[in-house]
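Engineer: The structure is given below, and queries will be raised subsequently.
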Amino acid sequence: MKPSRQPAEPGRLGTLTALYVTQYLGIGFITVGLTAILRDGGTSLDTLALLQAIGLIWPVKFLWAPLLDRYGSRRHGHYRSWLLVLQSGLVLALLALLPFPRPADQLGPIVAICAAYVLLSATQDVAADAVAVRLLSTRARGTGNGIQVAASYLGNLLGGGACVLVYDRYGWAAAVLLLAALTAVGLVVVWRFREPPRTDRVPAVGSAYRALWSAFGQPGCRWWTFVVVPLVYVGSGAAYALVTPALVDAGWSLARIGVVTGVVISVPAILAGLVAGAGIGRSSRSAVLVVGGALLTLSVVLLLPLLRGDAPLTGTVVALSCFMTAYTVLNVVVYTVNMDYSRPATGGTDFTLFSSFGLICSFAAASLGLAAAGQVGYPAVGVGSAVLVAAGVLAGLRHQRRYGHQRRGDGAAAPTSGTGPVPPPDAAREPARNSV
């Protein structure tokens, strides 16, 4: 049998862009748009909290990620077969919202459909990440993960912003059909995608689940996962948790808060994701990590007036834009190193495991940040957050100096057993054969 040609790098990136953007369209609609629509219809805050709690499905998706690495169609493509089903499910779940034009009066089916959508999107994310691990060359991982992070903001912007505007002007059916149509674009992309055949299939489901533990046996993986990631995510997450309550305390209206935090600062975040990804490919993970840490420190300084109760519009927007830029840059670096540690045979499991731990750290950071602010005030928590991120950057630099030079072959081409330790590559000085 002739070997299947790998898609060209621009084609791979285009496929991943479509998958990640369409994945977040519905998430943005549920967490931002639908929440606003329900609240406008008189839904209680307790019920809205239940809707937001559906998002807790995402941090535990590592529990079923090994099933996607183990099972898949040889004929239609291992992960492509999953994506065809899951992307179709996302479209159908959105269309299932059509019969409920007054969602505030029909909460039962609305919440059930949203839960199904979030489950499908979380599982689709596992398959999309596995495809990224296998297709992206070492140098392209920064760009790929920059696209992933930027796509999350773009999807949220479209789903949580544009679709709400459509709803406000044209009604429920138009908003839902727009969401479904945009999500169907991802289905068309998956249908046209030709996944190279696997030569490293996981032999048994037990082997796939053992990858949950063996992933941490790679050199430096524990240091990265349990030291660097918590410091960066707890620091930045605790600071971000202060933003909305600080804006409320400063007298901002809910409408202004929604526009600024949901729309305005998403634009620099999208650009930051793309620039950070390109920067990793051109320089190194370490350099971009330092830039992200420096920007976050600057943003905390700029946010101090807000944290003290003074929130002029222009200065606050600049400070929040700087913060989201820094947070996005750090996110891209974390995702890229996570992908370095993700082995091709169990890419869905490995990358999901690392990203799920980061999500858990972020959730914990929000609670810790708000609790600490109640005791010592917003400014002290903001400064403490910057210190934690700085410590995380220093720990990350130490990690890259010690382990970044250890390389493996290009993840897009090199099969592996998927269960044993594999040293992470260094993006900074990869040989020309791995360039994109």
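Each residue, glycine too, has its Cβ placed from N, Cα and C.
Residues or ranges marked as transmembrane segment in TrEMBL: 12-37, 49-67, 79-98, 110-137, 149-167, 173-191, 223-243, 255-280, 287-307, 313-339, 351-372, 378-397. The region 'Disordered' feature in TrEMBL is assigned to 405-436. Residues annotated as compositional bias 'Basic and acidic residues' in TrEMBL: 427-436.
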Engineer: If we skip the immediate neighbours and take only residues 6+ beyond the ends of the transmembrane segment (49-67), which ones have a Cβ under 8 Å from one of its Cβ atoms?
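Structural biologist: Same-chain residues near the transmembrane segment (49-67) but 6 or more away: 27, 30-31, 34-35, 38, 111, 114-115, 118-119, 122-123, 125-126, 202, 205, 208-209, 211-212, 346, 348-349, 352-353, 356, 359-360, 363.
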Engineer: Restricting to the same chain and to residues at least six past its boundaries, which positions have a Cβ under 8 Å from a Cβ of the transmembrane segment (79-98)?
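Structural biologist: Residues packing against the transmembrane segment (79-98) from afar: 19, 22-23, 26, 68, 72-73, 110, 113, 116-117, 120-121, 123-124, 127-128, 130-131, 134, 172-173, 176-177, 179-180, 183-184, 186-187, 190-191, 193-195, 348.
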Engineer: Which range wins on Cβ pairs under 8 Å with the transmembrane segment (149-167): 12-37, 110-137, 255-280, 287-307?
Structural biologist: 12-37
Engineer: Apart from its near flanks, which chain residues at least 6 from the ends of the transmembrane segment (287-307) lie with a Cβ under 8 angstroms of it?
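Structural biologist: Residues 142, 235-236, 239, 242-243, 246-247, 250, 276, 279-280, 315-316, 318-320, 322-323, 325-327, 329-330, 332-333, 377-379, 381-383, 385-386, 389-390, 392-393, 396-397, 400, 428.
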Engineer: Would you mind listing the long-range same-chain contacts of the transmembrane segment (12-37), meaning Cβ under 8 Å and 6+ residues beyond its ends?
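Structural biologist: Same-chain contacts beyond the ends: 6, 48, 51-52, 54-55, 83, 87, 90, 93-94, 103-104, 110, 114, 117-118, 121, 124-125, 128, 131-132, 135-136, 140, 143-144, 147-148, 151-152, 154-161, 163-164, 167, 175, 179, 182-183, 185-186, 189-190, 193, 258, 262, 412.
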Engineer: Who are the long-range neighbours of the transmembrane segment (110-137) in its own chain, taking Cβ under 8 Å and residues 6 or more past its ends?
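Structural biologist: The answer is 6-7, 9, 12, 15-16, 19-20, 23-24, 26-27, 30, 34, 50-51, 54-55, 57-58, 61, 64-65, 68-69, 79-80, 82-83, 86-87, 89-90, 93-94, 96-97, 100, 103, 143-145, 148, 195-196, 339, 342-344, 347-348, 350-352, 355, 410-413, 434-436.
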